[in-house]
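Novice: Reproduced below are the annotations present in TrEMBL:
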TRANSMEM  6-25  transmembrane segment
TRANSMEM  63-85  transmembrane segment
DOMAIN    69-449  domain 'Major facilitator superfamily (MFS) profile'
TRANSMEM  105-126  transmembrane segment
TRANSMEM  138-156  transmembrane segment
TRANSMEM  162-183  transmembrane segment
TRANSMEM  195-215  transmembrane segment
TRANSMEM  227-246  transmembrane segment
TRANSMEM  310-331  transmembrane segment
TRANSMEM  343-365  transmembrane segment
TRANSMEM  377-396  transmembrane segment
TRANSMEM  402-428  transmembrane segment
Amino acid sequence: TSISLSPSIPSLSIALILCGWLPYFPNRFVRFRFRTYTKSKIAGGENPSIEEEKSGENTDLGWLPAFPHVLIASMSNFLFGYHIGVMNGPIVSVARELGFEGDSILEGLVVSIFIAGAFVGSLACGSLVDKLGCRRTFQIDTIPLILGAIISAQAHSLDEILLGRFLVGIGIGVNTVLVPIYISEVAPTKYRGSLGSLCQIGTCLGIITSLFLDIPSETDPHWWRTILYIASAPGLVLTLGMQFAVDSPRWLCKVGRLADAREVIRNLWGPSEVETAIKEFQSVIKADATSGGSALCALYLMDKEGRQKLLIGSYLGMAISMFIIASAISFPLDKELSHNISILGTLMYIFTFAIGAGPVTGLIIPELSSAKTRGKIMSLSFCIHWVCNFLVGLFFLDLVEIFGVASVYTGFGSFSLLAAIFSSYFIVETKGRSLEEIELSLTRKVTEK
């Protein structure tokens, strides 16, 4: 059974992805009010303070100082999304020109080889972050991203395009570990969830951009080289942008650069947060040195709404969506009705993924990790992520041929259901808590048990 989508469905899918951001993206990012400021001398410098507001309502702009830094980091997610979709359209032209047309395994390998590279990049990221900090790691990581894109665009053999895509994957693997760490450590506690959603937005925009740029490949057999050259541009933007971005204040404190850490906190979180944050950082660093590696989660902390509730709802929605599609395929009461139900299930899946599983998982993992092991835990998490992605991308068509579409979708739905159950019992709520507060509370809980 095959499902064909009408021309309007891609546009509707994109609209739903965009809508999927909104429940997680707070009103303070989209409302427009006017406020005036007076400047007061605080801690030897000038900082804005609110004096009056024309609207007469409180407008919270505490997220604004960190926003440019988070936005630059999210360019990495844009690249991730771009490389996910960039080869889907022109793969036939690539296979024809490079001499492997008709070989489904090789075509699948070219599309998904960057995921194998991402696995390698994920392994390397933890050590790089610990030694160099997030900002320098971002800049170094643009080397394989840019080089890989250029090699892919200039490829004249299968080996060359596989090498280029693999290099791109290494860069993507490092960045997908790095971005959540950076955002979680730079964003003020109150806005960490909101700013963290920019990761998902960057990924979705990258996918959308690649799909639009793929359109000319239907008529131009050499267009794939152009869109791969284009992939090098965001890497250059990321390199230059990170030159003006700040480093993580937690990492700065960890390596003994207290003056720099204080400056970053003062500029991004406000002068009143400086001493409190520094004390918390130092307490956690001291605890890490004596705790013997307890980043471990306390398994029974759960009851408040926030990240956990959003994850549970998202995974349940994804499971239901997959079961709807499987049912429509297995029990076709009416051809047109089954077709529409399958489309509904697909769009529902996109929507429910975008409001929870997409943005929250990349955010909550670094939140639940200790400062000492955050990079390594993120590396391990994304290694597993990339392995699963690679296997699905490589063998999906074979699985469909062996077991059928309905069975494969039922399997995906079952995994989503298990994820919802796991989130219900084993995810700790982190909403509104600083990273240091989370770590210290988990350490105490583990010690008590």
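Positions of Cβ are set from backbone N, Cα and C atoms, glycine also.
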Novice: Counting Cβ pairs under 8 Å that are 6 or more apart in sequence, does the total for the transmembrane segment (310-331) and the transmembrane segment (377-396) reach three or more?
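Specialist: Between the transmembrane segment (377-396) and the transmembrane segment (310-331), which are separate recorded stretches, there is no contact, as judged by 3 or more close Cβ pairs.
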Novice: Compare 105-126, 227-246, 343-365, 377-396, 402-428 by their Cβ pairs under 8 Å to the transmembrane segment (162-183) and return the stretch that comes out on top.
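Specialist: When the Cβ pairs under 8 Å are tallied, 105-126 comes out ahead.
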Novice: Could you tell me what the rest of the chain brings near the transmembrane segment (138-156), counting residues at least six beyond its ends with Cβ under 8 Å?
Specialist: 73, 76, 79, 98, 114, 117, 121, 128, 132, 163-172, 174-175, 178, 182, 225-226, 228-229, 231-232, 235-236, 238-239, 242-243, 245
Novice: Examine the transmembrane segment (343-365) against the transmembrane segment (63-85) and state whether at least 3 Cβ pairs sit under 8 A, considering only residue pairs 6 or more apart.
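Specialist: Not in contact, no.
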Novice: With Cβ-Cβ distances below 8 Å as the criterion, list the same-chain residues six or more beyond the ends of the transmembrane segment (227-246) that contact it, or say none.
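Specialist: Apart from its flanks, the transmembrane segment (227-246) reaches 68-69, 72-73, 75-76, 78-79, 82-83, 86, 90, 135, 138-139, 142, 145-146, 149-150, 152-153, 164, 168, 171, 186, 210, 213-214, 217, 264, 267-268.
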Novice: Along the domain 'Major facilitator superfamily (MFS) profile' (69-449), what average pLDDT does this model show?
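Specialist: Taking every residue of the domain 'Major facilitator superfamily (MFS) profile' (69-449) together, the mean pLDDT is 80.
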